[in-house]
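Copied over from TrEMBL, here are the features:
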COMPBIAS  655-674  compositional bias 'Basic residues'
COMPBIAS  691-700  compositional bias 'Acidic residues'
DOMAIN    749-815  domain 'SAM'
REGION    633-734  region 'Disordered'
REPEAT    11-111  repeat 'MBT'
REPEAT    119-223  repeat 'MBT'
REPEAT    233-340  repeat 'MBT'
REPEAT    348-445  repeat 'MBT'
Amino acid sequence: DAGSSVEEMEFNWDEYLEDTGATAAPHGSFKHVDTSLQNGFAPGMKLEVAVKSDQNTYWVATIITTCGQLLLLRYDGYGEDRKADFWCDILTADLHPIGWCEQNKKILKVPEGIKDKIPDQEEFLRRVLKGACSAPANLLEGLHRGKNPLDLIAPGSRLELQNIRDSLEAWIVNVVENVGGRLKLRYEGLEDSDKFDQWLFYLDPFLHQVGWAAQHGYSLQPPLAIRSLRSEADWQEILKKVKEEEEESSVPTDLFKDKPVIGVHSFSEGMKLEAVDPMAPFVICPATVLKVYNDKYFMIEIDDLRPERATGQRYVCHVDSAGIFPVQWSLKNGLHLSPPPGYPGQDFDWADYLKQCGAEAAPQSCFPSLTSDHGFKENMKLEAVNPVDPEEVCIATVTKLKDSYLWLQLEGSKKPVPECIVSVESMNIFPVGWCETNGYQLRPPRKAIVNKQKKIAVVQPEKQILSSRTVHDGLKNQELNSSDSVVINGKYCCPKIYFNHRCFSGPYLNKGRIAELPQSVGPGNCVLVLKEVLTLLINAAYKPSRVLRELQLDEEAAWHGHGETLKAKYKGKSYRATVEVVRTADRVADFCRKTCIKLECCPNLFGPQMVLDKCSENCSVLTKTKYTHYYGKRKNKRIGRPPGGHSNLEVAMKKPNKRRKRRKHFFVHKKKRPSTSVDNTPAGSPQGSGAEEEDDQDESELSHSLAQDRDKRKRKLRTFSFSDDENKPPSPKDIKMDVAEKLQLDSNPLEWSVADVVRFLKSTDCAPLARIFLDQEIDGQALLLLTLPTVQECMDLKLGPAIKLCHHIERVKLAFYQQFAN
C-alpha cells in the first residue's frame, strides 16, 4: 500500500559481532576451508603457453599466483623479473600441460624478450623441467577445463565410504548435495529414503573415490544397519550396476590429493584411554581398544559397566583421530572425566579402575602431540555443525580451549545442545560467513540481533518520490538476492589480499597503522573479503570519515558491482556510506589497484599480489608530491556532497538554534511508524541541518574564526588542508629524508654473520637491541627477511622501537639492491 513500510528480519554477522563485542575466529584457522578454495593450480607449477607475439609457437611458463579461474604466469627465462608477468583465463587461453607440444608436434620456441638469455634451448629446458610439477592435464583440457575441482563433486557423483561403526568394509554412496565441500551422502540402493543420510566434508579420511576398496583389499558390503533392507541378490545387482556406470559418475582422483595421510599406530587390544564419542561429543569418558584391524585402523568402545548393556558405543579410529587422549589427560587439564555407566561411586580413579579391569593404559607414545598454535581464542565466534542434527549449522562461541581442542556453545539450534568438544582441525567447523557464501541456511540465535531494512521508498498518490538512495538500496537488495545461492567457486572466490606494508601509503592512510594490519585477508567470497579489506583501510586512516568519503559510491557513476554499507568513526561520531565492491575474482586485481589510486597511495599497497622485495612501481623513491602527480586525483567537486544530489555518506546533525547533548551513536533503527506517515526526506540525507556536520567535515574552513561563534557562521567553500598535528600525514619532506639517508656497505649483507649484524646495529641508535639479534642468532640472510610485523611479533617490541629498527633494516636492504643485487 502507498506509504506503507516493511521491516525485514535478517541475521547479519557484522551487526551481531558489533553488538556482542565479539571477534570472529581467523579464516586461516580453518585449513580444510582454505584447501577447498584452491583451484587445483598452485604457484610453481609449469605449463606450455602460446607465445603472444607468435601464436603458432609455445614456451614453458611458471604459475606465479592464482585468482579463481585466472593465472598469473611468467615465461621461464625471465628469472625474478616481473615486468613480463601476464594474466590469462584458463577458459580462453591456449594453455597445456608439460609434454603437450611434443605429443602434438607443436613448436617450443624462446620468446623474443629472453632470446639473448637462452643460447641453448634444449639444455635450458632439460634443466628447468627436471623435477618440475606440471599443471593438471584434466583441469586444462576437456569438460573439466577451468572448473573449480570442488565443483566436480556434483549431485549424482559416486564415492566409497568406510563404515566406521561396524568394520572397515566400504559401500557406495551418492552425492545428494555439495555445499562448499560439505557433502550430503546417501547409500547406494536407498534412493527413496533419507533416513541413513550422512554429512561429511569431502576431505574426510574415511571417504574415497570409487575403486579405493578394491585397490586396498577391503570388501564392498552395505553396512549392517541397512543390509536387511534388501536381499543379497539385490545388493549384488546394485554393485554390478555401479561398476558398469563407474566412468560416468566417478570423481577425479586428484581431488583427494590433499586428504590427510593416515599414519601407523601402536595401539594393542585391551588398552585403556580417554575418549569423546564423535556422535555425542559432550563428555570425556574411559574407553577401551576393542579390536586392532591392521597398522592403520583400530576400534574403540566407550566403557559401559551396566550388566544389561550388551555393547557400548564403538567406532573405528586411526592414529590422528580426534577425541582420543591418554589416561589422566582430563585430570592434568582440570577437566571432568565422566565415569562409565554402572561405575560404583562418583569419584573415578584411574589406578583403581585399571586394577579392577586388569588392563593397561595406552602409553603416551601412542598419541599424536597436541598443539595450541591454532589462532582460536575464548569468546571467538564461528559456524559449527550441530552433532545431534547435522543438517543444522549454528553460530558457535568458543567457551574454553585445551591444547588442540575447543569447547563450543551452539546458539539457535532447534533443540538445546550441551557444549560440544571439537578438535581445531575438525571439518565440522567453519569461519564466520561460510554459510552465507555457500548459500546455506545458518541457524540464527534465538534472540536474533537483526539488521532491519530501512524505509527506502515512499509513494504518494499525487506525487512519487524515489531518491537516489532508493535506487542504490534496490540494486543492493537485488544483488544480495541473486547471490543467496552462490556456491564458492573459481568465479566468486577471492584470492588472498595482501597488505604490502613497505609500499607508499599516501596522504590519507597512517603508515604506522598500515604496518599493524595483518599480512593478508582471505581467501573467501569476494564481497566479504573486500569489505573486510576496506574496513581495515578505513580504520587505518588519519581521518576515517575522509577515506570513507573517498571510497563512497558516486551516485552519477555507472553501477558495475555490489553495494556494501561501510562504517567509520571519527571524533565520537559515526558515518556510513555505500561503497561499491566487485563480486567476481577476475575483477579483484583491477578493483584493488583503482582503489589504491583513488586513495593516492601505491597501486600495490594492497592486492592479490605480494610485494616480496622491491615494488614494481618503485614507490619507495617517490615523494608524496611526485606520487600524487603520477597516480593521484584532483577532482573539482564540492566537498560535502557529490554533484547533482545528496551524498550517501550519512551523518547526523543538530537543528539550528537548539542545543542538545551529542548522541553516542548516530545510526539507530527508528521505531516502525504508522502506515499513514510519509517521509519526504531522501534516504541518505542528513536528518535536520546545522553546525555539527560542519564541525566534522574532513576539510578546514578558510576562515580562522571557527571557534568563535558557530551559530552565526555561514557555509563557506572548503579547501584541502590538514588542521591538526595529531592527524597530519607525513609530508614530502619527511619522505625524502628516508631516501636521502643512503648507506654505503663494505660487504654483501647476504654473507654477514651474526657478529656482523650485531656490529652493524651497535653503530646505529638501535644498539640496545643488538643483544636480541645475538640471542636469536640472526645473520645477514635472516636480517634481509625481517619486516615490521615479524619484528614486532618475534622480538616483542613496541611500535616505536620496531619502526626505528625497521628503518635501519630498510636502509640495509636498499643498499643491498643498489650495490650487490646485480
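Here the Cβ of each residue, glycine as well, is placed from N, Cα and C on the backbone.
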Using DSSP, tally how many residues of the repeat 'MBT' (11-111) sit in helix, strand and coil.
21 helix, 36 strand, 44 coil
With DSSP helix as H/G/I and strand as E/B, how many residues of the domain 'SAM' (749-815) fall in helix, strand and coil?
52 helix, 0 strand, 15 coil
So what's the mean pLDDT when you look at the domain 'SAM' (749-815)?
86
The repeat 'MBT' (119-223): DSSP-derived helix, strand, coil residue counts
22 helix, 30 strand, 53 coil
Across the repeat 'MBT' (348-445), DSSP yields 15 helix, 31 strand, 52 coil
